[in-house]
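Feature annotations, courtesy of TrEMBL:
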type     : residues : note
DOMAIN   : 4-62     : domain 'Tudor'
REGION   : 53-112   : region 'Disordered'
COMPBIAS : 66-75    : compositional bias 'Low complexity'
COMPBIAS : 76-97    : compositional bias 'Basic residues'
COMPBIAS : 101-112  : compositional bias 'Basic and acidic residues'
TRANSMEM : 212-230  : transmembrane segment
TRANSMEM : 257-275  : transmembrane segment
TRANSMEM : 296-315  : transmembrane segment
TRANSMEM : 327-344  : transmembrane segment
TRANSMEM : 455-475  : transmembrane segment
TRANSMEM : 481-500  : transmembrane segment
TRANSMEM : 521-542  : transmembrane segment
TRANSMEM : 562-581  : transmembrane segment
Amino acid sequence: MPSRKFADGEVVMGRWPGSVLYYEVQVTSYDDVAHLYTVKYKDGTELALKESDIRSQSSFKHRKSQSSSSSPSRRSSSRSRSRSRSPGRPARGRRRSASQSREHKDDKKKTIQETSLALPVLVLFKPSENNTKRYNGEPESTEKNDTSCIILEQKLKPDLEVKRVLEQYSLRSRKDDKKKEEIYSEKKTFVTVKPIEKVPTKTKELEFGGRIGTFMMMFLLPATVFYLLLMCKQDDPSLVNFPPLPALDSLWDGRVFGLYLLWFFLQAVFYLLPIGKVVEGLPLSNGRKLQYRINGFYAFILTAAAIGVLLYFQFELHYLYDHFMQFAAAAAAFSLALSIYLYVRSLKASEEELAPGGNSGYFIYDFFIGHELNPRIGSFDLKYFCELRPGLIGWVVINLAMLLAEMKIHNLSVPSLSMILVNSFQLLYVVDALWNEEAVLTTMDITHDGFGFMLAFGDLVWVPFVYSLQAFYLVGHPTAITWPVAVAITVLNCVGYYIFRSANSQKNNFRRNPADPKLANLKFIPTATGKGLLVTGWWGFVRHPNYLGDIIMALAWSLPCGFNHILPYFYVIYFICLLVHREARDEHHCKQKYGLAWGRYCQRVPYRIFPYIY
């Protein structure tokens, strides 16, 4: 890592967040972890700035001296041209005095132009205190503002007088256009700042226990999936009743693997269809924006139509239930093969294409977290595709297969009320995710995390086979509930969904367009990145209201399974642990990203997920 460039106490020029203006600031401290400088403005405001947003004073002085030193040369060349005459021109006398008079006026105009050109530089780089206050929404000092306006009017008075005379007599110099171009080019030399080339950094802070922890999780995650599925198939799925291990050859079925590949590539075909709008994602580290086709909901409709055709031709969809373990093994094998491919191709990726959290230099860790941020084959984005399509839509298909299996095994003419509730609640969740597909582009999975074993296994195995645990449990362990209980559970799910959806909508709309008139009632804290932190609405209630809605919905999904066993509530326990981990991860990431502004936000919103509790 390169050493810090600016020392404590050094006076430098700092860029004001969200603008191109640089002001004189003093460096007070430096965060080695976040690589942010804490600087203090003349009005006492303290902000955390990146090194790329700070310039030395000498660079500005050098630019200013270069543009001002060019003026005498132009004046001398103008005088030399005015002294030269054509052969047929009279030599002396009155003509010469007129020439000198014009020369004097030209010099006066040039002096006035140079004076007016220097004024924006003073305003740009040495602002008054009330400018900073006005940016923060505080009332201005009218006394200081009036004084500065008087001084500015006095300095510009000669220039305004000359302009009035020229307009009155319709006078126009033949070199006006050229002079304007020179003035604009000189102004650009003051405003334009050459960006510093970003130096690629290695990931230093390792998550999930580092290399050893991620190595263990690559075995623990598949083992957990198969343990849960084996427990659900037992007559007594208690935690102390450990299920017998099946033979390894019984977990593999070539036909099942072929059906899984057919499913995966069918979803890929739906993804490539030229339907749905194309949108841009958030800016990458190099400023580039990737394009994404939003057609997940159309893919869901096409999948539902395909399933309907299969049922019409009497295809037994409960085949999924009979070979559920084999399908889970096929998905796990495919996710492992995909992870190997992703890591191998990431070795040829440029530094700017690597994930900020998966560039540690350790093979196991980068393989698990994901080395490349947005792996693509042409326009086919592998991470974005796997995030919503095969696993999330597959979750709904599995739930439907469990519903049909329950009806067949227990000779029911209609599904049980518990199974209907589980299917309905989780169908709403999936449809909502696909309908609001564009919102996924602002999540950390897309903007920060690489695509490796963690996301590949999570999207293709964990989501469809663990999230459908309640429906799989109800097939072997039917649970009867009354209508009043069903209504109460439905209300609980609706409350969780409302919190989840409204909180996410507030965040996504604000990220996309903070100036939207519909969001005018929302207050926020400005940050050094130019973005804002919401402190009203759901995000002023707790720091992660979307996680609160998720947990309430997860509880509503498990309640139809009754209280005979804790197994159906594994999803709730897992979800709480997952979201607490994500919350701690988000806290650390936001502290690094937003610096002092995040500390002010935490003081304003003290509760993380659960109000008045945590």
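Positions of Cβ are set from backbone N, Cα and C atoms, glycine also.
What TrEMBL says about a protein is an automatic prediction, not a curated fact.
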DSSP tally for the domain 'Tudor' (4-62), helix/strand/coil in that order, comes to 9 helix, 28 strand, 22 coil
Confidence over the domain 'Tudor' (4-62), expressed as mean pLDDT on the 0 to 100 scale, is 80
Contact set of the transmembrane segment (521-542) with the rest of its chain, CB cutoff 8 A exclusive, min separation 6+ beyond the ends, reads 17-18, 36, 47-50, 53, 136, 499, 502-503, 506-507, 510-511, 514, 548, 593-598, 600-601, 604-605, 607-611
Here the stretch out of 257-275, 327-344, 455-475, 481-500 with the most C-beta pairs under 8 Å to the transmembrane segment (212-230) is 455-475
Of the listed stretches 257-275, 455-475, 481-500, 562-581, the one with the highest count of C-beta pairs below 8 angstroms to the transmembrane segment (327-344) is 455-475
Per the Cβ filter (under 8 Å) with a sequence gap of at least 6 from its ends, the transmembrane segment (562-581) is approached by 228, 231-232, 237-239, 418, 466-467, 469-470, 473, 477, 479, 481, 544, 547, 550-551, 554-555, 609
